[in-house]
């Protein structure tokens, strides 16, 4: 009896507040809900696409930086980002840093990709993208350029891991002699007799022979 009384009370309330019969009221309510779900489905954002295997490989965490020690500039060029299996390296003032987690800037297609795999100290100091400035030679730079380079170095030291240094090769010009060769040449020259005149030793021997001859001559006279 309680349920029937509640239903009768509900019908009377619907009729009193809406002016509609209970059947009409629930029909309008069902149509309104259907319209809401249809409209919300049209304007809802599409579901994200399923993650592919390539996407998962790209988002894998980077391996920890590997210490390389001292390498040449030619060896540094192998880490310019062209090989995705190798770390992305860059050098400032002969100090090599691993910039792999900033591949969007220094990797292929990035705005600073031409600096990767090189000591770009001069280019960074001058903010130059010319090929001739992609070198570690900073001779002739002005104070403002050196300050800019120092700022870049502080940034790299605080953000990236140092993994090695660039070996500087000193070219040997033709005809130059090593200190050992110079020493040997000097000792050899000192050991050679002078070609300007007779040595002092034969002169002394001649004087001694002359004295002996005079002594013998005086003895014969006596």
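For all residues, glycine too, the Cβ spot is worked out from N, Cα and C.
Remember, predicted model here, so these are calculated numbers, not experimental data.
Marked as compositional bias 'Basic and acidic residues' by TrEMBL: 192-222.
Residues of the domain 'Cytochrome b5 heme-binding' (71-167) grouped by DSSP class, helix first, strand second and coil last, total 43 helix, 16 strand, 38 coil. According to TrEMBL, the feature domain 'Cytochrome b5 heme-binding' maps to 71-167.
Annotated region 'Disordered' per TrEMBL: 172-222, in sequence order.
Within the chain carrying the transmembrane segment (20-44), a Cβ under 8 angstroms from the stretch's Cβ atoms is held by residues 10-11, 14, all 6 or more beyond its ends. Per TrEMBL, the feature transmembrane segment maps to 20-44.
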